[in-house]
Amino acid sequence: MEIEQPVPNPAAQQAQQRTLTGRFCRCIFTSIFYTQLTLISLFVIFLTLRGLVFTKSPNFHPKKWYTPLLSSVAVSGVVSLAWQCFFVCNIRRTVRATFWLTPILILSLGVFLMLYKSYVVRWTGILLVFFSIVSAIYGCHVGEKHEFTFKMMSIATKVLPARTRVIAVVSMILSLFYSGFLVAGIGGATSTRTRLDILFISIIFISLAWTMQVLKNIQQVAISKAVYAYFKRDEFMNACDALGVTLRKHLGSVCMGSTLVPVVVLIRGTIRGCHQCDKCDDDEEIYTSTRGCFFIANHLILYGNRYGFVQVGVYNKGFVQASNDTWRTFRRMAGLEQLIDFDLTSSICFYNAIGVGAIAALTAGIWELLIQKDHFFELTLYAFIIGYFVGRVSTAWLQACVMGYYVAYSENPQSDNFDDTIPHRIVRQNIEKLKREAENEVREEEDVEDPSYM
């Protein structure tokens, strides 16, 4: 008698294969992260000992080089902590001050660099002045979005999970100590002045950028999971417990997302920015187009977006799958995708980080210019980069709260935990869309009635 073998389900086999592939990728990224962390630590120790102990260049003065840069690192931490305190006290005024002060700080840094005689430094200053003007125009252009963003941030941060602020402060302190540690290696590489110094310093800053992104996104996975649990299930979760699970189980997905998200954000932001320059009155095409750059932006977001970090923590998914599922959930609700892009939380965090970087750069640059001019520009640049990443780490908790709220809402919008803020905004978006379409029809009719020829 033959026993009939069960026929395997193709869908189940495919899902199992995706799970195994995802686990393998997560293990690979976890191994890469720990390996680079170990190697860069040994590399920094080697550069420090080589430059400051064994070589001892007479043209390099450690006190004059390290003091301004390490002081600027400390200043970036103080400013980031002060911003968080101001934000907790008054969200509205803090955000408005951020949008106004950041362009002024960037302008000040650009003018400061333009006063230096070096051609490269002067052009860097000109670029910063141009960026400050663009950022100021953007701040004015998005003025109508302020009220909605204020309200969303107030709602999302009204009931913070336990230990959220502890995680935010400890993460910021870790970023300061890690930055200070890498500064030691940068100084060691600078002291010898070999041709490989630029390569060594570039490697250190690439490691700094990725490690800071991972540190920021670990916070986002943990805190957004706790926020999601509250708004979805009325469950009060300790953020430290979520952090422990994140470090044990989700580090590979966090490392993968820390690599993909900046690339996707840059490409999509560039496409949307160019579109806004061409057609500032209508942003609908990017969500509906099936070809060209808009299709790329519309499709690329499925494979890497910051909201995927929420499902990484909640459902233990791989980052790509979590990003795909999260964004498709947004798209199933009419108007929610446009509303999420309408929110300014990510822009506020970016502006804050740029402002912190500018303050740190001015601190290091002015200090170094007063005591010696040999390393003035490089210290200004290093301080700006470090200050920027410290600022990003310090505001990760805010972005995590808003992310957790949006994802929880998208899965159960009828819950009593949500008010009518999002539905009212979607209705208003639809009304504004109809007005734009009516205005476009009127313009088209006028063009047909009064044609002009060259």
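Note: Cβ is positioned from N, Cα and C throughout, glycine not excepted.
According to TrEMBL, the transmembrane segment annotation covers 27-49 (among others). Sequence-distant neighbours of the transmembrane segment (27-49) (same chain, 6+ residues past either end, Cβ-Cβ under 8 Å): 181-182, 184-189, 200, 203-204, 207, 210-211, 214, 251-253, 255-256, 259.
Annotation source TrEMBL lists transmembrane segment at 69-91 (among others).
The transmembrane segment annotation in TrEMBL covers 98-116 (among others).
According to TrEMBL, the feature transmembrane segment maps to 122-143 (among others). Under 8 Å from some Cβ of the transmembrane segment (122-143) lie the Cβ atoms of residues 99-100, 102-104, 106-107, 109-116, 280, 344, 347, 351, 354, 377, all in the same chain and six or more residues away from its ends.
Sequence annotations record features per position, and here TrEMBL assigns transmembrane segment to 164-186 (among others).
The transmembrane segment annotation in TrEMBL covers 198-215 (among others). Sequence-distant neighbours of the transmembrane segment (198-215) (same chain, 6+ residues past either end, Cβ-Cβ under 8 Å): 33, 36-37, 40, 43-44, 47, 171, 174-175, 178-179, 182, 185-186, 189-190, 251, 254-255, 258-259, 261-262, 385-386, 389-390, 392-393.
Summarising the annotation, TrEMBL assigns transmembrane segment to 348-367 (among others). When Cβ-Cβ distances below 8 Å are used as the criterion, the transmembrane segment (348-367) is approached by residues 67-69, 71-73, 75-76, 79-80, 83, 95, 98-99, 101-102, 105-106, 108-109, 112-113, 135, 139, 149, 376-377, 379-392, 394-396, 398-399 of the same chain, each at least six residues removed from its ends.
According to TrEMBL, the transmembrane segment annotation covers 379-408 (among others). Here the transmembrane segment (379-408) has long-range neighbours at 65, 68-69, 72-73, 75-77, 79-81, 83-84, 87, 109, 113, 152-153, 155-157, 160, 164-165, 167-168, 171-172, 175-176, 179, 183, 186, 205, 208-209, 212-213, 215-217, 219-228, 231-232, 306-307, 309-311, 314, 326, 329-330, 340, 343, 345-346, 348-350, 352-365, 368, 415, 417, meaning same-chain residues at least 6 beyond its ends whose C-beta is under 8 angstroms from one of its own.
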